[in-house]
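K.L.:
Per TrEMBL, the feature compositional bias 'Polar residues' maps to 1-22, 223-233. Summarising the annotation, TrEMBL assigns region 'Disordered' to 1-38, 210-239. TrEMBL lists 25-38 with the feature compositional bias 'Basic and acidic residues'. The annotation domain 'Reverse transcriptase' is assigned in TrEMBL to 39-231.
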Amino acid sequence: MSIPYNSRPQYQTNCSPTSPRPSRTKREAEGRFGQNGKKEIITKVTQPTDWMNPIVIKEKPNGTLRICIDPRDLNKALKREYHPIPTLEEITPSLAGYKLFSKLDASNGYWNVKIDKESSMLTTFNTPFGRYRFNRLPFGLKVSQDVFQHQIDETYQGCNGVIGIADDTQVHGKDETTHDLNLHEAKEKTRQAGIKLNADKCVIKAKEFKDPAKNPKTRRNSEASWDSSTTWEPSYPSWPITLQISEN
């Protein structure tokens, strides 16, 4: 049985055919995958894997995209390394009497930590451009903050006037000479560890510890006194981390 009715869609004669274009986010994401692949932050995956994580693309305040994964299922299986993480409330009282403060900001902090291949396979994620895995510690894992803080503490262990809080390393001194010596040592440890710094977020010789980046004068001074040592490429020489999966 059929209904004897023919429909002929009507259209305007002054319209031109259109072809779909990739969205801005998709185009930029594809470019970001290419950049991260060249930097060996991620690697293409072709073999079968036990884990597959959804992808999350976030826009950072500066307008660039950050590639993340949604590891909710993986997080349920990971064993967490509990490591003490200092807070501003805890360290502020100990800074009474100090006159100068600087901040070294680690660029994409967690990506300074290399994970071994077996752990890397756990981070496999799917994209419109194929499957990839992280070679560096990804954002979103429940273990990432503890692992990164542990590595930061080891990097600056024994340094005077240096406190690492996640991707911000605070340097302080009671006078300019002491501060500069502490800052030099912190920068040297940073270089040796292969940590790449974000020069736009680093602050040098602020006179207040609380949120020194909001002081415009301090910001100009920091840019004037910052040198090319912030542009080194990270080598990730000593941080091969293994992610542990719970047996139950």
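Glycine residues also receive a Cβ, built from the backbone N, Cα and C atoms like all the rest.
A TrEMBL annotation is a machine prediction, not a hand-curated record.
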K.L.:
Limited to the domain 'Reverse transcriptase' (39-231), I'd like the whole-number average of pLDDT.
P.N.:
82
K.L.:
How does the compositional bias 'Basic and acidic residues' (25-38) divide up by DSSP, counting helix, then strand, then coil residues?
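P.N.:
Its residues fall into 14 helix, 0 strand, 0 coil.
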